[in-house]
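What Swiss-Prot records for this protein:
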type: BINDING; residues: Met73, Leu74, Val75; note: acetyl-CoA 1 binding site
type: BINDING; residues: Leu234, Gly235, Val236, Gln241, Gly242, Arg243, Gly244, Leu245, Gly246, Arg247; note: acetyl-CoA 2 binding site
type: DOMAIN; residues: 155-297; note: domain 'N-acetyltransferase'
Amino acid sequence: MQAYDDEIVGTALASNVLALADRVRTADGVEALSEQHRLALEHPGLRAHHLVVTDPAGAVVGYASVLGSSVEMLVDAAHRGEGVGHRLAEAALAVEPTLAFWAHGDLPGAAQLAEAIGLRRVRELWHLGRDLAPAGAGGDEAALLATPLPGGERLRTFGGTEAEEHAWLALNARAFASHPEQGAMTLEDLRVREGETWFDPSLLWLVHDDGDGALLASMWLKVPDAATGEIYVLGVDPGAQGRGLGRALTDRALDVLRARGVDRVELYVEGENARARALYEHSGFTPVAVHAQYGIP
């Protein structure tokens, strides 16, 4: 077992782990690492701790990423049943005994390992999706963005200034105060995402009150390829809840993605967030998969 602090993960190790993640995704039919943990591997400085298991030839066959209060693990399908997952879990808990383990796709092997080390299911993340019909009349993106929201709120796109970054982070922290990952985003986390190839400032929207100009909400869209879009982050200030901003922004997002030729939209939502799930179900989203987190009961 080898352990690496964030600052000493080399390019070769990162490449080997990402190759392992690709093999695991192919074997299991689900992404093996979340974006957050993948970025922590690719960008030293995002406060992660990395654990690696190699075979006698030096090939990476197991990996765990400890980031904040959570850990994600992956084991090469050809080496399952050899105790690799158990070794990684024990090593991760030695780093932080109260860690919670993500099981992407909530596969049986992950659930069995969690039970074996005394953990219980404590959280669910729902992956939802829907298809989009081609854009019809009125599908011009510029016109859609220029049109005020139903309550008169003004929508503008992100300009990339430091003031906007800090304003967005403050809104994000308020909107996701109870969310252990999203609500803890830092300026460095935001800027790493701004540097990703998929980032498009015209798809990060800031919604201001038409009266005092206060930042009320934000919609961040992600289009990783021409056919697929994602409602990446939808945040509404708690003081602006009940104004219909979430639904209005979701409708606007679907219209803009449709205008761009996207034919499939996906998103992730907390399983216990019944209000958000109802919003998305009303907008035509249906379950694709459920990711589970296991922790101390």
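Easy rule for this one: first residue shown is 1, then count along the chain.
The backbone N, Cα and C atoms fix where each Cβ goes, and this holds for glycine too.
Fair warning: this is a prediction, and the values are worked out from it, not measured in the lab.
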In the domain 'N-acetyltransferase' (155-297), how many residues does DSSP assign to helix, to strand and to coil? 55 helix, 42 strand, 46 coil
Provide the number of Cβ atoms within 10 Å of the Cβ of Gly242 (acetyl-CoA 2 binding site), excluding the reference atom itself. 9
Which residues in the same chain, at least 6 apart in sequence, have a Cβ under 8 Å from the Cβ of Leu234 (acetyl-CoA 2 binding site)? Ala217, Ser218, Met219, Trp220, Gly246, Leu249, Thr250, Ala253, Ala276
Considering the binding-site residues Gly244, Gly246, which residue's Cβ sits among the greatest number of other Cβ atoms within 10 Å? Gly246
So which other residues, same chain and not among Met73, Leu74, Val75, have a Cβ within 8 Å of the centroid of the Cβ atoms at the acetyl-CoA 1 site? Val24, Ala32, Gly62, Tyr63, Ala64, Glu72, Asp76, Val84, Gly85, Leu88
Quick one: of Met73, Leu74, Val75, Val236, which of the binding-site residues has the smallest count of other CB atoms within 10 A? Val236
Reported as an integer number of Å, what is the Cα distance between Leu74 (acetyl-CoA 1 binding site) and Gly242 (acetyl-CoA 2 binding site)? 41
Please compute the mean pLDDT of the model over the domain 'N-acetyltransferase' (155-297). 95
Can you tell me the CA-to-CA distance separating Met73 (acetyl-CoA 1 binding site) and Gly244 (acetyl-CoA 2 binding site), as a whole number of Å? 39
Other residues with Cβ within 8 Å of the Cβ centroid of Leu234, Gly235, Val236, Gln241, Gly242, Arg243, Gly244, Leu245, Gly246, Arg247 at the acetyl-CoA 2 site? Ala217, Ala240, Ala248, Leu249
Please report the DSSP secondary structure of Met73 (acetyl-CoA 1 binding site), reduced to three states. strand
